[in-house]
């Protein structure tokens, strides 16, 4: 989860988020080098006494500043396309969970089980227990098995919402009349927090998401107790 005054991304918990973090660092380094080069050229132009006011044609320079940006864009595009394909790839999911956005709560249905569904509301500040997080705790957490591919089917009953869990690299729009899907895979157990990331009305800020990733045995015990 995010902390006050945090710099950088949240710790990666899924393979997709690890790839996104690496791509972020890769792109940031390219942007830093370009910015440094531009700043150096500007300082050079401001401090040098030499001028070339009569220069009308410089084909070598024009060739360089045409080819170089194209190469840089390719270096950014190739890893980006690879990650996009990885995010859309879903192979043999172990579990499917249907997520519906409402004003202003989430409802979940485990489609592989009969009658395993519930609504998830934010816990009001006055009802929080010591150690619980304001605006992030819910009355019903989404319990999922770790280290297994899980398919999330995401839609909405009313207006646009967005189901997002940053530490897992997830952000999928919930659109009325349309079913989007995403893959959830966690490398370790724990609680992972998210929020609705699409302005959806007056209580938009009060739609938290809490995923509880547990070992498979614990998940089986939980699902048996819920049915």
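Keep in mind that glycine also has a Cβ here, set from the backbone N, Cα and C atoms.
Going by Swiss-Prot, these are the annotated features:
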- 161, 196, 200, 207: Cu cation A1 binding site (BINDING)
- 196, 198, 200, 204: Cu cation A2 binding site (BINDING)
- 198: Mg(2+) binding site (BINDING)
- 1-14: topological domain 'Mitochondrial intermembrane' (TOPO_DOM)
- 46-59: topological domain 'Mitochondrial matrix' (TOPO_DOM)
- 88-227: topological domain 'Mitochondrial intermembrane' (TOPO_DOM)
- 15-45: transmembrane segment (TRANSMEM)
- 60-87: transmembrane segment (TRANSMEM)
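Cβ environment of residue 196 (Cu cation A1 binding site): 101, 104, 161, 162, 163, 164, 204, 207, 209 lie under 8 Å away, each six or more residues apart in the same chain.
Local packing around the binding-site residues 161, 200, 207 was summarised as the count of other Cβ atoms within 10 Å of each Cβ; on this measure the leading residue is 161.
Across the topological domain 'Mitochondrial intermembrane' (1-14), DSSP assigns 0 helix, 0 strand, 14 coil. Taking the centroid of the Cβ atoms of 196, 198, 200, 204 as the Cu cation A2 site, the other same-chain residues with Cβ within 8 Å of it are 101, 104, 159, 160, 161, 162, 197, 199, 201, 207. For the transmembrane segment (15-45), same-chain residues at least 6 beyond its ends with a Cβ under 8 Å from one of its own Cβ atoms are 9, 72, 75-76, 79-80, 82-83, 86-87, 166-170, 183, 185, 187. In the three-state DSSP reading, residue 200 (Cu cation A1 binding site) counts as coil.
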